[in-house]
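Colleague: Okay, these came from Swiss-Prot:
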BINDING   HIS4, GLU179, MET180, GLU181, SER203, ASP204  purine D-ribonucleoside binding site
BINDING   GLY20, ARG24, ARG43, ARG87, VAL88, GLY89, THR90  phosphate binding site
ACT_SITE  ASP204  active site, proton donor
SITE      ARG218  site 'Important for catalytic activity'
Amino acid sequence: MSIHISARVGDIADKILLPGDPLRAKFIAENFLEDAVCFNEIRGMLGYTGTYKGHRVSVMGTGMGMPSISIYARELIVDYGVKTLIRVGTAGSIDPNVHVRELVLAQAAATNSNIIRNDFPEFDFPQIADFGLLDIAYHIAKDLGMTTHVGSVLSSDVFYSNMPERNMALGKLGVKAIEMEAAALYYLAAQHQVKALGIMTISDNLNDPSEDTSAEERQTTFTDMMKVGLETLIAND
């Protein structure tokens, strides 16, 4: 048992999906996993272990933002021996060519957070995905006929920005979307020499608000990224 996770060692698989929303973790467990068992309910951050196509996998919510995912991901890696972590979550498009319900595979994550500069104040440390996972996920998504974009994202500390034009300017530099967790996850993966990838569904188009989705849709209907995430986990065995 760790500080924030009530599981025993062995209760959690060495590969895991990490949605931000704990109810999305429950949805994945109930709709994709067989024989799923809940291993955590502390702070309402639900976690489950079951099997997917005969492979043992886990899924757990992380909450919103880099401090929250950093707590859970670190404990999963250090205390429970997790080796492969895939974030499945939502993002807002800032690229005019990226639309709602399409997938973004986060090849790299820029950030406006100081979470990494706390360790390296003198320079920028690039946050990158594991290429093997990225390659597998891309080909799985394409084979399934999903519209998929590969590129950088911005991991932001701020959801309601007072200067959205600064974020939108990044879209002109090839940044696909804004989210709130990938940079911290990639940094932890680099520290502990494990594999990590972010797979995002576009839930909001900051260039066209008419494309936005409801809270219920975000929780239960973005199944493409869930399928790609699970298939990537088992293909990585």
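From the backbone N, Cα and C atoms, a Cβ is placed for every residue, glycine too.
What you see is a predicted model, and the numbers here were worked out from it, not measured in a lab.
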Colleague: List every residue in the same chain as VAL88 (phosphate binding site), at least 6 positions away in sequence, whose Cβ is under 8 Å from its Cβ.
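Modeller: When sequence neighbours closer than 6 are ignored, VAL88 (phosphate binding site) has LEU17, LEU18, PRO19, ARG24, ILE28, ILE199, MET200, THR201, MET225, MET226, GLY229 within Cβ distance under 8 Å.
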Colleague: Return only the integer: C-alpha distance in Å from ASP204 (purine D-ribonucleoside binding site) to THR90 (phosphate binding site).
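Modeller: The Cα atom of ASP204 (purine D-ribonucleoside binding site) is 8 Å away from the Cα atom of THR90 (phosphate binding site).
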Colleague: Check the Cα-Cα distances from ARG87 (phosphate binding site) to the binding-site residues HIS4, GLU179, MET180, GLU181, SER203 and tell me which is shortest.
Modeller: GLU181
Colleague: According to DSSP, does ARG24 (phosphate binding site) fall in a helix, a strand, or coil?
Modeller: helix
Colleague: Where does SER203 (purine D-ribonucleoside binding site) sit in DSSP terms: helix, strand, or coil?
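Modeller: Its secondary structure by DSSP: strand.
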Colleague: What does the structure give for the C-alpha distance between MET180 (purine D-ribonucleoside binding site) and THR90 (phosphate binding site)? Integer Å is fine.
Modeller: 9
